Amino acid sequence: MVVTSNEVRLHVGLSASPSITELSVTEVRNALRCPRSFALGRARGQAVKFPIGSSSLGAMFHRIVECVTRERDKAAQHGMSSAAEVDGEQAPKALADGLLRRLISELEATPEAATMPGEVDDLAEALRRLAGSLAPLGGWAAAEAMQSIREHAGCDLRAQLTGPGGTSALLVGGTEELVGLSEGGLGVVEFKLADEASEELDRAQGALYRALLQRALGIDAVPVLLRCNPQPLTTALSRADADALVERRILPLIEQMVGWSGSPENAPPTARRDLCPVCPVRAECGGTYPERFEPRDSTLAGAARPMPDVAGNLAIPPMIEPFVPVAYDMEGRMEAEEIGKRIVAELRRQGVNITIKGKPVGPRLVAIEVLCPKQRVAQLDRAADDVEHQLSDDDVRYERKGPRRFFVVPRRQPRPVDLATLLARKADYLRERPGRFVVGEGMDGDVIVGDLSDGSSCHLLIGGQTGSGKSVLLRALIGSMCHFHAPAAVRFTLVDPKRVTFGGLAASVATHLSGPVFYDLEAFLPALDDLVTEMEIRYERMERCRAQNVDDYNASSADKLARRVVVVDEFQDLVAVKSLRQPFIDAVKRLGAKARAAGIHLILATQRPDRSTVPGEIKANLCGRIALRVQEAANSRIILDRGGAESLLGRGDLLADLGQGLVRGQAPMA
């Protein structure tokens, strides 16, 4: 077997013939992900190091493996045994020790890694498990194929591949990363923490190296891909399947890549929506390809996670820019002025004289507050029904809020609300303490915020039907909590039974996650029980320090405790299954009643808020409430204890009660 990392050298402009385009294995993998990332990399003369589907420390992982490989080859040249070639039971330990020593050296040279303790731990565990997987396979002993490979050490393997249309390209892969395991196989070691569905990429890469070794060195290798997640996962590919994949998928793609190299504007967009949020050339892509993909372009800001740049290097992300007030919303104010005059005219026709107290303009709604200074307010209330009827084309609604009276009108052209702007406006508030979050922008233009340390919003119940914007709101809540705080300060446990809510987000905030996203509800329950246990342990530690809550404890202790936030989308699936219902309710009751001071919080969301899916035991322990559009007033009362959510506009229009009274707002795109 042969092992190689998926990083190969790119030599732009160097090829056997000026008429043949040279492509690297990394570029082919990029093109499989997103043709435009490949085209932009060619234009800049440097292949893009895509962070999606791997840890931010993926490049570090490959450097460590390559360094140990070079030590092995150097020892073999001098007839010595390397740490990786120790016989017997000591082989895995010796190999692991060598890998971990290199990890320590890498961490000393990369201070940015200190902001990602969870990811560093996963990397260390991946190296230990990798050693345990490789050592039994012969301790990286050389196979017959390695003699030919070593003769070409330090060089690039090159092979000409021709597409079905007759266009040829020169495929290039490095040999300095190739090591032998056992005869007849080819393996690709890849480090991966995110949940990217990369099997197609892995299979294609293995097939490419098989084709490269066949044509360059005459080696008939079998692709076997070993990925660490951090546990080793193996993907095998038969010779026949690998060759068929090259003929069916790779050769036509390479032919297209040659065309995109000369005309990058012809490269099509990716079909995957999870790539754009953390693409290292996203800004450049937006300038080169002007058409927008709204669900992808309106994405979460960069969180606090250091992400690799286009060269694969880590850097601490800059702090968000200070808020600059948006331009005067002239269009919205003109619309408010126009509808206000029409409302005044309609009321005067009925003998009701009013004055307009204010016309706050929100992103989706205009609220016209009216006063009736010389007449009884009951006359205004009676006339309001007729105003609604006469102005029904504008969907005018009359609302009573205690002694105040409003006419609320949807804007003809809504103003977009993006998360980055709201984060900038409330940067000082959010940065002050972990657990604070952004809900959206209110009807008066103010930012709606909450705080998990507050007893009125320490746990959240969220409800909204399909199309209401519930999933977008959940992503905004998570993004706003982790944007200003490192993973050591706030950690998330995400549960997504339908596998659609947290796909792209999980890649963006992977270092803030306590583990992979839970798709299996039965697997999630033990994790919930572990949090109940952790709550009790935290209270014991806080009692020893005489701290009343997690903030007091962190202020007096060097061993900080991160806030733990559990976000469950579609939790009704847990309640609907008889075997899961009572254990889930019991855990929610214990955490809901006691976990706030310990820094453990629940955010539960459902698209079907009714008595069966939101039993009283759950509702009573979730004090913060956010309702998006629901089907009926009864559903609204389940969330808010009052109607109103059935009349919302959908697409992020919400009502929130976080202990300061009910407010209406618009959730940001995230």
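Positions of Cβ are set from backbone N, Cα and C atoms, glycine also.
The annotation domain 'FtsK' is assigned in TrEMBL to 444-637.
Positions annotated as ATP binding site by TrEMBL: Gly464, Gln465, Thr466, Gly467, Ser468, Gly469, Lys470, Ser471. DSSP gives Gly469 (ATP binding site) a coil state; it is part of no helix or strand.
Remark: Thr466 (ATP binding site) has Gln607 as non-local neighbours, by Cβ distance under 8 Å and separation of at least 6 in sequence. With a 10 A radius on its CB, Gly464 (ATP binding site) counts 31 other CB atoms from all the protein chains. In sequence order, Arg629, Gly650, Arg651 make up the list of same-chain residues 6 or more apart from Gly467 (ATP binding site) whose Cβ falls under 8 Å from its Cβ.
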